Structures are given as C-alpha cells and as structure tokens.
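S.K.: The structure follows.
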Amino acid sequence: MTQLAIGEATPHGATYDGHGVNFTLFSAHAERVELCVFDSRGNERRYDLPGRRGDVWHGYLAGARPGLRYGYRVHGPWQPAQGHRFNPAKLLLDPYARRVEGELKDHPLLHGGHDEPDYRDNAAVAPKSVIISDHYDWEDDAAPRTPWGKTVIYEAHVKGLTYLHPELPQEIRGTYKALGHPVMVAYFKQLGITALELLPVAQFASEPRLQRMGLTNYWGYNPMAMFALHPAWASSPETALDEFRDAVKALHRAGIEVILDIVLNHSAELDLDGPTFSLRGIDNRSYYWIRDDGDYHNWTGCGNTLNLSHPGVVEYACECLRYWVETCHVDGFRFDLASVMGRTPTFRQDAPLFAAIKACPVLSTVKLIAEPWDIGEGGYQVGNFPPPFAEWNDHFRDAARRFWLPRNLTTGEFACRFAASSDVFKRNGRTPGASVNLLTAHDGFTLRDCVCFNQKHNEANGEENRDGTNSNYSDNHGKEGLGGPLDLMERRRDSIHALLATLLLSQGTPMLLAGDEHGHSQHGNNNAYCQDNALTWLDWQQANRGLTTFTAALIRLRQQIPALTGNSWWEEGDGNVRWLNKNAQPLSADEWQNGPKLMQILLSDRFLIAINATLEVTDIVLPEGEWRAVPPFAGEDNPVITAVWQGPAHGLCVFQRG
C-alpha cells in the first residue's frame, strides 16, 4: 500500500471501489486527522488525511481491500469548557463503519471525559472499524408496501423471539437467519401480522455499570456503530450483513415488512464518565448538545444527546437511514425518544432533520414511527410530529388498560381512543394510521403481567427495584403473581381477551408485542433491558395455543372490516361507525361522560362490537336485525341472535349482521 492520495469528499465513510478505499471523516473543529490501519498482528500504520472540503477530511488508500481494520486519531484543541475533547492518543471508530471488530469494554484507557487529557494510547483495547464489500444479490426482492390501514405490527427482539423455538435448527436459534426461516415465516403468516418491528439491530454496547454487575444490555438501546449490524446474532461478524439481508428477502417474499427500531438520540459514549470511542473524540461540539459549562444536555436519560439540528449530524442521520433502506431493504423505522429529532433545542415540526427526511425521495416513502417523547423539558410531543410520521400512542395504551382493568375512565374517552385518537392526530393532513395503538411494548409489563401484577418486580436488574415505571394501570385480579384459583384465572383470561380485542379492532395501526399472543410473562419485571435470559426469551413450548389462535382470529377479523382498513377518519353519517348504548340507542351526553362502561360500536353497518366492562352480567339489546357471533367469539353452537346478548362481566363480543 502507498501513501494516501487526496481522494474525494463523498461518499461519506470508507468506500471500496475494487482498487482501494476512499476514506472521509466529518469534523468541523479538527486541526488534523490521521487514518490508522492495522495488520493481522495489530501493527499500526498512520496516514494523514490529505484532503479537506468544508468540514470533511478525506484521502484514498490504493490497494486497501475488504477486511482491512482501521480507525482515526483526531488532533485539535483540548478545551472541555468549550466542548472540545480532541486527543490523538485515542483511536476512534468511524461513525460510518459497516463492521466493527472488538467489543466496547469497561477499560480506563477508553475514558476521555475528564478535565485533563489522558495521553496513554488505547489502540490495544479500542474497537476497530473494518472495511467491507456490501455487494448482494437481491434477486427479485420487492418491498411489500402494505397500506397503513392494513398494517399490523409485531414488535420483537431478534434473539428473544427465536432462541427457544424447538422447531428451528439449534445452530440458528436467536439469530438473523431464524427470522427468515420457513418455520418463523409460516408463524407470522398464520398469526396475520404484516410488519416485523425489530428492537435495535445496529451494533450496541453494554454500559460500564452493567458490565461491572455481570449484566448485559439486552434490548440494544446503547448504540455503538449505527451502520453496523450487531454481530452477536450472526454465524460470524463477516456474514452478519448477508444473513440479515437473507432474512429481509425471505420476509418480503411472504409479504411481511421489516421495520427497525433505531436510536438516533444518543450514543454509547454516555456521560463524561463514559467511554470515548468515536464521536466525542471526532467532534464533540458538533455531534452533541453541549451546555454552557461544557457538559452534555441529557434529554435522553443516557448521559448525552445527539445534536440533530447541526447540518453535519443531520446529514449523518439521513445517510444512516438511507443505508438501511438501500443496502438492507428495510421498510421503515421506529425512532427511539424521537422528540430529540425535532430539538433546535426546543421541539419544532420544521426542525432540520424532519425537513431533510420529508425532502428525501427514499426516506419520505417508508414507514416512519416516532416514540414521541424524551425526558427533557418540552419533550412530550404526542400528536405533534409532522407527516409522514406515525407515533406511538400512549393515550390509547393507558385508556385501554384503565377501561378494562378497573380504573376511572369515561365511555367518551374510551371511544375517542378507539377512533384513532382523532383529538390528537386529526391535523396537518394526517390519517388514522398515524396513531400506532399499543397495549404493551418491550418496556413495561407484558400483557399477561398486566393482569397478574399490581407492582413491578425489577429486583433482578440490580437497582433495588427503583428502575421502571410505577404507572402501570395493571390489575392482578386479587392475587399478586401468575398463579391463583380457577375463577381468578378465568377473569384474567377474559381481561386479556378484551384488551386484545380492543387493540386489534380499534381504528389506527395496531402494534402487538411478541409473546403477548402466547401469554408470555416476565414475572413482573417491567424494565427487562438487562435480562438476556429465560425471563425475556419466548418459551414456545409453554405458549398458550388457545390465546395464539384467539389473537390470529382477531387479526383476520380486523382485515374484514372496511371501517378499520380504509384509513380515513370517521365522520358522522358516513356509515363507518355508530356509537350505541346497551339499548341500541345513540349514547346520550350523560352516558358519554357518566354512564356505566356499557356500549355497542357498529362498524361498516354490519360488524357490531358489544362491550360490557362492568363487574356485572348485563343484558345488551342488539340493533334490529339478525346477528351471529364471529370468530374468535363464536362457539360451536352459534345461534342467530335477534334481540338480546347476555353480556358477561368484563365481556366483549363481536357480531356480524346476517
């Protein structure tokens, strides 16, 4: 290999062209950038990047090939009070690295947030970037592009979903390969979901605190390399990218979209006591929101916050998203703590990143889902994201639980949430699909735990049960824990059925947590982010098959109801919905606000949802006509009903007009 040629300022990152590699690095405040390459024995050779265009440093290394390990040393001022922490003694990861060799260890040589610089070299323990060739034969792959009105999302963890599946080959359980295996594809199709939403698959690290406790970051919300696949779920780091793309291709052939949970709000460098391995040493002042004293704005609760209003960081974020769409053919993203994306530092709908995404012909046409909050002032922004974003709707989650698990909730509030929270989302040209309805998600109780525990039980996390929310709106039905007498277990079953029916038969985009259709429990742990064990892995052999069948039937029913699949707002008199009381009359103003939790919802003039959320058996007079219960509510003896349904306590039934 020879000395570096000047090369080009684009594309960003390290690009192999068949003859060598073009390297670029964004740093607005650097004074000099060294490219460091390593041979198989760890010997290092350094080259100055000779070119600079604007804030992008660049150079071309002829003869460099895939497999080359490299990093950067960045020279510049050490001025912590001004946010500058340049230290060429520290080897740094390329923010655009497609593959990373080595883990991020809790090691003193990786710390760089102190007042004085540490001039000890860290190359022996620092992770290294690796050049790859990302050629792949996609064959005839095509994005399913499922309309929002027909979309049913299934949130899952790559490992936890398949690690205990007895019908999968042992060697692929808990891996990317398993996601596209015919056993899993057949299950997804049988269940009826249309989109698989994966918890973070970009390479992440375990926080030093967890490492010292002997725990690991299981969920993956601690990003280390945003362009690289997490290697632990692949046969080898070298094959991770192709194995993931194989899974995407197999899912697409079955008509199933793949949505990635992505963490564009902070990095694994954490606070000033965290490791320095990339952005902090490359251009701390540009990449992060810095306070006047040089410390970080911690609007994420993770120690730092990415400055997604800086032009260079906006470009980085958009290129990351485009990489996953163009190179891996993913169909969309769920953005963790997405209010950070709109901070300028106050939240704005016209924030630079939102504008860039909307203007991008690639990103503006995929599914974009925001977790519409962060922990900073003004961070709660449910309903305020601009099109084309959809949003997680915590109003729906809390209302559904409060309605069915005895809490105070009016019929009017329940109906509003059932109708895609039009008071929140019917603005700026948005459709009902913008409301992503959920009962549960990876953080919080599972659905089964919602009906078995009144209190969180997070002792295994090592924080003396202080972590995790205390606002669960759960109900153990009289006994804390999973077991109980038969009548209690039946009440819990009825509550689960009612909650699932509410989720899957409401207007909006439903999201189902993987395992809820099995009756999966985390034994009351509502923050299992560090539990990579049987607590979080789905036990397929112990799955509640009846509940799975019930859930699949609800999804099939949903797809038959035009009022739910049309993705247009319901208007009075349009035939989509009528709200009735227990006597089949329109709900009065008093019943909306003060009546018992009894109602009927007539959808598309032929599907009737009869609801008794009270504690008493109650007769409900059905509208005129002949009605027959539909699966999963129809029993073997399913007579036509023309007058009254005897609604059991905490009961729900769906009828179709004959």
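Quick reminder: no glycine exception, Cβ is built from N, Cα and C everywhere.
This is the feature table in Swiss-Prot:
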ACT_SITE  Asp336  active site, nucleophile
ACT_SITE  Glu371  active site, proton donor
SITE      Asp443  site 'Transition state stabilizer'
REGION    459-483  region 'Disordered'
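For the listed features, I'd like the structural context: burial, neighbours, distances.
M.R.: Taking a C-beta cut-off of under 8 angstroms and a sequence separation of 6 or more, Asp336 (active site, nucleophile) has the following same-chain neighbours: Pro200, Tyr221, Asp261, Ile262, Val263, Leu264, Asn265, Glu371.
All protein chains shown were included, and the count of other CB atoms within 10 Å of the CB of Glu371 (active site, proton donor) stands at 22.
Counting every protein chain shown, 14 other Cβ atoms lie within 10 Å of the Cβ of Asp443 (site 'Transition state stabilizer').
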S.K.: In the region 'Disordered' (459-483), how many residues does DSSP assign to helix, to strand and to coil?
M.R.: 3 helix, 0 strand, 22 coil
